[in-house]
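Taken from TrEMBL as is:
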DOMAIN    1-66  domain 'CS'
TRANSMEM  115-140  transmembrane segment
TRANSMEM  217-237  transmembrane segment
TRANSMEM  258-277  transmembrane segment
TRANSMEM  297-316  transmembrane segment
Amino acid sequence: QHPDISITGNVLHFKAQGHGAKGDNIYEFQIEFLEPVEPKPVCRVTQRQLNITVQKKESSWWERLTIFLAPDFDRWLDESDAEMELKEKEEEKINKMKIESRVPKDPFRHLKKGYLVMYNLVQFLGFSWIFVNMTVRLFILGTGKSRALFYSFSDTFHSISEMMYFCETLAIMEVVNALIGLVRSPLLPTVMQILGRNFVLFVILGSLEEMQSKPVVFFIFYSWSIIELFRYPYYMLSCIGIEWKLLTWLRYTAWIPLYPLGGLAEAVSIIQSIPIFSETGKFSLGLPNPLNVTIQFSFLLQIYLIVLFLGVFMNFRHLYKQRKQHLGPKKRKMK
């Protein structure tokens, strides 16, 4: 039963029914305070205790409270403690104002935010177009017809390359954004991913017609587009302070199978291109006399394969740390 509590002047009246040593009884008492208090106390009943909060009518220090009361030292403040606490709060407020005054307000912050939103939106639309077109072609051409399925694989570059050229060229801006501090992305992983993709797209696939009809192109483009379907909308919404838990989970989880598969597909394309570069001598560098040595581009590609797998490992570790940071267990704050 909820207690009956009232205040008249400086006297608190309490009456309630409770279960004590002698069974159920009516318990009541009165407490007279030194000076008048607010007539509306706040009462909170728990299974083990009853908390009554009484507010003074005037904020001042009393010489005494009343008898038969034990102070709660967790909440107890004397005059010196109160003055110290008030002083600390004032100093904290002043320091905060000083820090805020030292940090100049960026007059272009809205323009920067708008640019980042538009950039991520354009990239999302571009990679969505790639993904949808590849998926539709795969379903239409590959319904039980092996020749049509092979055709859909071999024709990927000619039907998708222009949009992929646009998206991956535009992605160079991510390196610029990281360099000028517009975004907080670490520079090295960003450079390795963007330059690595553009190297495969423009040098390995774009310069060799023999590579453009190979089925590996489909798997490269498909893995790239799926990853970006989650990455770019996540960053776009982050720019305007919106977070969707499902999208966050997909952004930091989908790369686990897709990133290694994409790296493997890129490696396969390089391996397939090595005999073609060796036979044609394309991009090979001949040194003048007295060295008279020709550096085969195919030899450089073999070295690049090692760099590719090292880059995949470094980016994999970086993405794993990001996933742990965003999806890992949250640390509880100490009260």
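Every residue gets a Cβ built from N, Cα and C, even glycine.
TrEMBL labels come from automatic prediction, so no person has curated them.
Note on the domain 'CS' (1-66): DSSP counts are 0 helix, 35 strand, 31 coil. For the transmembrane segment (115-140), the partner stretch with the highest count of Cβ pairs under 8 angstroms, out of 217-237, 258-277, 297-316, is 217-237.
Within the chain carrying the transmembrane segment (258-277), a Cβ under 8 angstroms from the stretch's Cβ atoms is held by residues 196-197, 200, 204-205, 208, 210-211, 214, 216-217, 219-220, 223-224, 226-227, 283-284, 296-298, 301-302, 304-305, 308-309, 312, 315-316, 319, all 6 or more beyond its ends. Beyond the transmembrane segment (297-316), the same-chain residues lying 6 or more positions past its ends with a Cβ under 8 Å from any Cβ of the stretch are 188-189, 192-193, 196, 199, 259-260, 263, 266-267, 270-271, 273-275, 277-278, 281-285.
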